[in-house]
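Comments concern the structure below.
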Amino acid sequence: QLELITPFQLYFNPELIFKHFQVWRLITNYLFFGPVGFNFLFNMIFLYRYCRMLEEGSFRGRTADFVFMFLFGGLLMTIFGLFVNLVFLGQAFTIMLVYVWSRRNPYVRMNFFGLLIFQAPFLPWVLMGFSLLLGNSIIVDLLGIAVGHIYFFLEDVFPNQPGGGRLLRTPSVLKAIFDTPEDDPNYNPLPEERPGGFAWGEGQRLGG
């Protein structure tokens, strides 16, 4: 908005990334949602709302897993972005968050602008229909839904299937950075770390 940079310096372009080493485009293409307007505000509201509900809900106390979902989703979208003509992936990322939240809260009833009442799992599809009415391409929404479904299936569905297992495991380096270390049940604190400090009244008897 301040015209310090232009969208042409931010958009996703594999040739500029891999041949001219403009690697920042791997990140900046997720950060631009267009000029300030209805579509921009729409994305900001949904990004904030559902990101917060995921963080405080199913990812509560699991910050490393939350970050890993971001990285996994961003990596998949970047790979898919090589084969589809999309220059900005921020809206697809928002739809991914909405999809994951909606599948983990299937019984929540939604009210869309007072016009539609439906169960949460239908929300991504309602947003896609609304995007179509606004004249936007639904490829972005479909990409977000696809990546969200892949994450939800690998994280929530497949591990509970007969013969299934967890294919997505948060790297230990992320857990070391973002998660609070668990208390060691076998840890024996030093006297000065115990409540009350040193046990001044205790000790061995002389000559004992």
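Including glycine, each Cβ sits where the backbone N, Cα and C put it.
For the transmembrane segment (27-48), the list of distant contacts is 1, 7, 9-12, 74, 81, 87-91, 93-94, 97-98, 127, 134, 136: same-chain residues at least six beyond its ends, Cβ to Cβ under 8 Å. Sequence annotations record features per position, and here TrEMBL assigns transmembrane segment to 27-48 (among others).
Here TrEMBL flags 68-101 (among others) as transmembrane segment. Same-chain neighbours of the transmembrane segment (68-101): 7, 10-14, 26, 29-34, 43, 46-47, 50-51, 53-54, 57-59, 120, 123-124, 127-128, 139-141, 143-152, 155, 168, 170-171, 174, counting only residues six or more beyond its ends whose CB sits under 8 Å from a CB of the stretch.
Per TrEMBL, the feature transmembrane segment maps to 108-127 (among others).
Annotation comment: TrEMBL describes 133-154 (among others) as transmembrane segment. If one looks beyond the transmembrane segment (133-154) by at least 6 residues along the same chain, the residues whose Cβ comes under 8 Å of a Cβ in the stretch are 39, 69, 72-73, 76-77, 80-81, 84, 86, 89, 91-100, 103-104, 124-125, 127, 167-168.
Taken from TrEMBL, the feature region 'Disordered' applies to 183-208.
What TrEMBL lists as compositional bias 'Gly residues' is 198-208.
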